[in-house]
Amino acid sequence: MSVSIPLRALSSGYNIPAIGLGVYQSADAETIVYEALKKGYRLVDTAQEYGNEAATCRGISKFLKETGTNRREVFYTTKLDDATGGYEGTMQLAEARLAEARKGGIDYIDLLLIHAPFSKSPYTETRLAAWKALTELVDGGAIRSIGVSNYGVKHLKEFWDADVKYKPVLNQVESSPWNVRQDIHDFCKSHNVIVEQYSPLCRGNRFKEPGVLKLADKYKKTPAQILIRWSLDKGMLPIPKTDNVDRLSPNLDVFDFNLTPQEVEDLQDLNSYTCYEWDPTVTK
Ligand SMILES: NC(=O)c1ccc[n+]([C@@H]2O[C@H](COP(=O)([O-])OP(=O)(O)OC[C@H]3O[C@@H](n4cnc5c(N)ncnc54)[C@H](OP(=O)(O)O)[C@@H]3O)[C@@H](O)[C@H]2O)c1
């Protein structure tokens, strides 16, 4: 059964689905993306780093063709590695992302992110030069919205200090009850930047937490659904990954209940700072 996913407004004027599918380390991105779209997913998240952009786009194209769905109903996100290339290098990486998408039959990117704030001296200037390349591509029309990933508050502030033409529409970060990063939430909220949450299931490592099990019992939901609901009720946009077709629908079946603000808070361990992947938010 296909479900209808709420939309959220980006500062670029476009809408983004409130939950998506991540395809990092997916064994067969084309198939899982196609199956996910059939089950109601409308947002897919990939990256240069994942090596599966064309396969992801083939999954989208197949779905659009077979179902007669309009391209604008599906939201395609990818990322270029980092900002070290400044203006020239970033322009090349972005063009390569478009070329990969075209290989899979997709001719524009809904959202292009800089995967990490890694830069080179002079760090801020290099990051802003990289960003300028992306703003020009937005003006060219092949990329609709631009954003960042793994940016700490220090990196985010640079956009507002420099008064760039387009601000990042979202920041994709790891933020779990065991690594909340409230400073990033606060900055993003006050600057109209959506926090998109990666590794929302903590890679399967937190399903047995007593607080999670208690809520699962109360709401008659699985631990995975409780973690995804925590993300939504924290104000984030989660992108859980699964390679398992049978888990696609359950991971979307989270719109018939809410955690209370107290439950969202109670699940958080503010003394913990566990990263399941990497931590570029603290880079220079
Ligand atoms: N920007 C960044 O730096 C960054 C970093 C990491 C990730 N990401 C993005 O975020 C996405 C999600 O994060 P993630 O892949 O790190 O991890 P995740 O979504 O937290 O967890 C994925 C793991 O949970 C399992 N799983 C999924 N649904 C489940 C369910 N209902 N019950 C039990 N287990 C379940 C999956 O196994 P099966 O596949 O076997 O179901 C997989 O092992 C990535 O795919 C990627 O798009 C971005």
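Cβ atoms are placed via backbone N, Cα and C, with glycine included.
Heads up, TrEMBL stuff is auto-annotated, nobody curated it.
Not measured: the values here are computed from a predicted model.
Database features (TrEMBL):
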DOMAIN    24-271  domain 'NADP-dependent oxidoreductase'
ACT_SITE  Tyr50  active site, proton donor
SITE      Lys79  site 'Lowers pKa of active site Tyr'
BINDING   His115  substrate binding site
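A map of TrEMBL features onto the structure.
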residue	record	DSSP (3 states)
Tyr50	active site, proton donor	helix
Lys79	site 'Lowers pKa of active site Tyr'	strand
His115	substrate binding site	coil
Quick one: give me the count of other CB atoms within 10 A of the CB of His115 (substrate binding site). 21
Whole-number Å distance separating the Cα atoms of His115 (substrate binding site) and Lys79 (site 'Lowers pKa of active site Tyr') is 5
What's the CA-CA gap between the residue listed as 'active site, proton donor' and Lys79 (site 'Lowers pKa of active site Tyr') in angstrom, rounded? 9
Across the domain 'NADP-dependent oxidoreductase' (24-271), the model's average pLDDT, rounded to a whole number, is 98
Applying a 10 Å Cβ distance cut-off over all chains shown, what neighbour count does Lys79 (site 'Lowers pKa of active site Tyr') have? 25
Test of understanding: give the count of other CB atoms lying within 10 angstroms of the CB of Tyr50 (active site, proton donor). 19
